[in-house]
Amino acid sequence: MSPFNQTTDNHQNFILTGIPGMPEKDFWMALPLCLLYSTTFLGNVIVLVVIKVERSLHEPMYYFLAMLAATDLSLSLSSMPTMISVHWFNWRSVTFDACITQMFFIHTFGGVESGVLVAMAFDRFVAIRFPLRYATILTHGIIGKIGATVLLRSVGAVLPVPFLIKRLPFCHSNILSHAYCLHQDAMRLACADTRVNSIYGLLAVIFIIVLDALILLISYFLILQAVLGIASREERLKALNTCFSHVCAVLLFYVPLIGMTLIHRFGKHLSPIVHMLLANVYLLLPPVLNPVVYSVRTKQIRQRIVGVFCGGRIGP
């Protein structure tokens with residue numbers, strides 16, 4: 001029996017959705033998903049391994065890049081089990097507790113990624129504004145504290161979400177809009193007042209995403225101010241070039257997020273396929289492209305990766 005023909009009063013399970021209105025086409029998502037997840041895993045693991053074994057990359061900039069790669073890897077692994085089960089095996093049912101667990105990890109690592117991008121902007125500001133004091137300001141201890149703060153902030157902000165969802169009764173439809181679990185998606189299925197969930201979700205978004213976006217804007221204003229204070233045109237271009245990869249990572253994260261938010265708010269008349277595609281782009285594209293961007297744009301990482309695949313040792 002098709003999962004969509006099941007009764008919807010089962011409070012112990014949610015039903016995930018693949019391609020809306022075309023469940024028979026889900027199998028054709030198998031190859032693209034395989035390529036995306038394989039590229040994500042391979043790219044981010046290579047970045048982590050190269051940074052770990054190459055001593056010349058043991059600098060603040062690359063430690064933050066390692067945090068970004070680890071976050072991208074974790075975010076992809078959070079969504080992978082249900083994405084694979086839906087599109088490959090047509091297993092659409094997920095238990096309530098498993099859905100809440102996935103929801104927690106997806107939202108947590110999304111918040112961590114936003115925080116890591118802010119930390120990387122701070123790193124670029126310090127490197128450009130205080131180049132002689134760069135290593136003394138961003139010591140290993142400070143970098144560790146920044147990483148711990150980013151993680152704890154996201155965990156603390158998302159931790160109430162599972163409890164807020166668990167208290168709600170689900171007596172109507174249990175069919176979610178995506179092949180993975182999100183707070184706002186599950187919340188809309190509840191047959192009770194969800195104002196507390198809505199208000200808390202909005203506050204969490206403001207505390208993490210909106211605040212981080214404002215900090216990023218201020219950081220790049222200060223970075224541009226510092227760059228314009230450099231006398232040499234060549235040095236100005238060199239300083240700006242060190243920020244290019246980070247700007248790409250910020251755009252890869254925020255552009256799909258803003259697009260998904262706008263479509264969710266103003267595009268309710270659009271096809272569900274549009275909502276599905278944009279939600280998947282937001283979740284899957286940054287982890288795939290971030291290691292590609294940094295590998296192509298960062299000479300030191302590119303040289304080490306080429307050395308590995310050419311059979312040489314990793315070294316200068």
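Every residue, even glycine, has its Cβ placed from backbone N, Cα and C.
Because TrEMBL annotations are produced automatically, they should be read as predictions rather than curated entries.
Record features (TrEMBL):
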DOMAIN    43-294  domain 'G-protein coupled receptors family 1 profile'
TRANSMEM  27-51  transmembrane segment
TRANSMEM  63-84  transmembrane segment
TRANSMEM  104-122  transmembrane segment
TRANSMEM  134-159  transmembrane segment
TRANSMEM  199-223  transmembrane segment
TRANSMEM  244-267  transmembrane segment
TRANSMEM  273-294  transmembrane segment
Maximum Cβ pairs under 8 Å to the transmembrane segment (134-159) - stretch from the list 27-51, 104-122, 199-223, 244-267, 273-294: 104-122
Sequence-remote partners of the transmembrane segment (104-122) [C-beta within less than 8 Å, at least six residues beyond its ends]: 61, 64-65, 67-68, 71-72, 74-75, 78-79, 146-147, 149-151, 153-155, 157-159, 161-162, 180-183, 204, 208-209, 212, 215-216, 219-220, 223, 246, 249-250, 253, 283, 286
Selected stretch (most C-beta pairs under 8 A with the transmembrane segment (27-51)) from 63-84, 199-223, 273-294: 63-84
Beyond the flanks of the transmembrane segment (63-84) by 6 or more, those residues with Cβ under 8 Å of it: 16, 33, 37, 40-41, 44-45, 47-48, 51-52, 94, 102, 105-106, 109-110, 112-113, 116-117, 119-120, 123, 143, 147, 150, 179-181, 249, 283-284, 286-287, 290-291, 294, 298, 301
Mean of the pLDDT scores, which run from 0 to 100, over the domain 'G-protein coupled receptors family 1 profile' (43-294): 90
